[in-house]
């Protein structure tokens with residue numbers, strides 16, 4: 001089965017049956033649910049530890065109104081981290097490389113924060129459009145710039161995640177192809193390329209975790225501004 | 001065969017995620033064991049034994065009787081070589097990517113595995129120790145309460161014994177005193193009676209002694225004359 005470089009980004013199907021739903025629900029199966037047990041198990045302890053740490057990190061600086069978002073954002077970060085890390089395995093499809101999915105996460109959540117801000121404290125959220133202490137001449141321009149920056153946030157969120165993951169996956173594929181092609185011809189260069197590939201994979205693991213964290217962190221910051 | 005594997009592993013997969021609940025119900029329908037949902041069966045302390053990180057020990061035990069120790073390794077090598085030679089698995093760039101991510105995973109597990117595992121174990125131990133402490137505290141406080149109760153009972157018994165003893169002795173004392181006083185009273189009565197009798201006897205004796213024989217004769221003669229007169233009167237009344 002020959003693979004082109006972009007086959008990994010195509011929505012997976014098997015005999016015409018789309019497997020996207022399976023790919024999207026795989027992280028759900030991998031998480032432990034608390035259940036009726038005290039859950040004294042290494043994996044569940046680590047998972048609980050992570051969830052506790054994350055929720056504390058994100059929601060400590062937030063006022064009480066934003067704590068309603070705790071379950072949503074923690075679930076989102078678990079989902080994104082799992083999807084990203086699973087995508088690093090060979091022959092897997094990473095749903096977070098699809099712009100459609102990332103925009104589907106970014107736009108509604110960002111819009112929710114904006115609407116919450118506009119409804120509960122309209123003056124305060126409109127005042128965000130103008131930083132303090134600007135000279136009077138710059139006010140109109142600055143307001144336009146701030147509005148543009150406000151509206152570009154969801155695009156930035158979605159595209160950041162998509163681009164990072166897609167670029168990482170593509171790089172892995174390219175360097176792996178280079179190593180593969182060079183292997184019978186110049187083994188030494190292939191070895192160097194393999195070392196590069198190893199380091200890149202390490203980077204990709206870090207990027208996978210960081211990007212998911214950044215996505216949710218920025219959303220929480222937008223929420224903090226507006227709640 | 002795969003379905004058998006699923007059925008057998010359903011028991012161990014019970015704990016994992018939302019599939020678990022479904023698998024419990026699915027395996028219950030086969031009536032293989034008297035399974036009930038409460039009390040919960042205990043979770044295994046450690047995961048299943050694996051060799052080389054991924055292959056379950058059960059595979060090696062399964063093949064041991066027929067193929068000995070090297071059986072599974074021959075199976076693995078044979079499978080791998082078969083898939084490579086028949087081009088069922090094609091080596092391409094993904095292979096290198098797989099090797100790279102495999103190296104990252106193995107490096108990560110080897111380096112950080114023990115520390116992470118000990119961290120998780122420490123947290124679990126602390127949780128268990130806290131619960132154990134609560135239980136021990138409860139047990140010790142209850143034992144102390146039992147001891148205190150016993151002491152209270154002892155004290156009550158002793159107090160009652162003392163009380164009873166005191167009352168007995170008081171009773172005895174009262175009785176003795178009464179007996180002494182009764183004796184004194186009887187003595188006095190006796191004295192009184194003796195005096196009285198003595199006086200009466202003395203008076204009688206003196207009276208009888210004072211009667212002279214002359215007086216006796218005179219009194220007897222008077223008595224006779226009186227009697228005669230009385231007889232005469234009675235006769236006269238009888239004749240009338």
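Placement of Cβ uses the backbone N, Cα and C atoms for every residue, glycine included.
Note: TrEMBL annotation is automatic and uncurated.
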From the ranges A:44-68, A:69-93, pick the one that TrEMBL records as transmembrane segment. A:69-93
Expected hit for transmembrane segment in TrEMBL across A:99-117, A:118-136 is A:99-117
Before we move on, state whether the transmembrane segment (A:195-223) and the transmembrane segment (A:99-117) share at least 3 Cβ pairs under 8 Å, counting only pairs 6 or more apart in sequence. yes
Determine which residues of the chain contact the transmembrane segment (A:12-32) at the Cβ level, with the cut-off under 8 Å and only residues 6 or more beyond its ends counted. 39, 41, 43-44, 47, 78-79, 82-83, 86, 93, 95
